[in-house]
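The next block holds one structure in the form of structure tokens; read it before the comments.
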Amino acid sequence: MSDINIKIGLAEMLKGGVIMDVVNAEQAEIAQQAGAVAVMALERVPADIRKDGGIARMSDPKLIKEIMSVVSIPVMAKARIGHFVEAQILESLGVDFIDESEVLTPADELNHIDKDSFKVPFVCGCTNLGEALRRIGEGAALIRTKGEAGTGNIVEAVRQLRQVNKDINYIKNADKSELMAIAKNLQAPYDLVTYVHKNGKLPVPNFSAGGVATPADAALMMQLGAESVFVGSGIFKSADPFKRARAIVSAVTYYNDAKILAEVSEDLGEPMTGINCDFEKFSQRGW
């Protein structure tokens, strides 16, 4: 089995679950108790990165090690787009996945990280199919929508997942003779376009992130075809993080059962304060 197949296999194990952003060991323990399949270790959730401004970088290795020491579930951490040295440091710490993330300030405006040169699997964001296939071509083992992290607004994640699905359906139904032109237009590797044509799906798991704040948001993304959900600011910026985290985990498990969704949505306290997406968009970082 090739390295990429092993990496994809690790990503497949996260399907049907919730990955939660945490900023300290206490939050990591809450996330694990609530049923998270993995945690994302970072110093500031996206809502605070937006509010504080400045340059957002890889988290302090000490924080990441503290979080890794208190949970048994996989731990992810973020590196800046193109910052392969941050990725080397994260790999040396033993994190389970690296997210080459638009939430952090990009280090390279032209080049993403060569993910094939690492043993640790990478997560990457996308806004459309061409972007997804370019990241997979670089070695990403897991794709997620970018959405608009830190907003509590699901609209961009919905738009992006629908666009990816629309693009996949178009390629699936295209004539084989059209695939090279499609690859050219998408700026995507031809072999990956032919994979989508034959299989009607991405060659790696496709998750959703960016703006998920409620159980209904999580279920919406699952019904639209996401295979798992990342939740950032939506849990620990709410009034009752544990209860909301449990509810979102249940919503991902029972995303097609409206009665259960209604039950788990009751009495969760105030959600995070949402903001509109008509400012600098993190999703426009990277290409």
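Using N, Cα and C of the backbone, Cβ positions are placed for all residues, glycine too.
Here Swiss-Prot flags D21, G150, G211, G232, S233 as D-ribose 5-phosphate binding site, drawing on sequence analysis. Secondary structure from DSSP puts G211 (D-ribose 5-phosphate binding site) in coil. Around the Cβ of G211 (D-ribose 5-phosphate binding site), the same chain contributes G147, E148, A149, T151, G152, N153, I154, V155, E156, A157, D217, G234, each under 8 angstroms and 6 or more positions distant in sequence.
Annotation comment: Swiss-Prot describes K78 as active site, schiff-base intermediate with D-ribose 5-phosphate. When secondary structure is read from DSSP and collapsed to three states, K78 (active site, schiff-base intermediate with D-ribose 5-phosphate) falls in the strand class.
Among the features that Swiss-Prot reports, D-glyceraldehyde 3-phosphate binding site is placed at R162, with the record citing sequence analysis. Its Cβ taken as reference, R162 (D-glyceraldehyde 3-phosphate binding site) is surrounded by 13 other Cβ atoms within 10 Å in the chains shown.
Counting neighbouring Cβ atoms within 10 Å of each of the binding-site residues (G150, G232), the lowest count belongs to G150.
Spanning the listed D-ribose 5-phosphate site, residues D21, G150, G211, G232, S233 have a farthest Cα to Cα distance of 12 Å.
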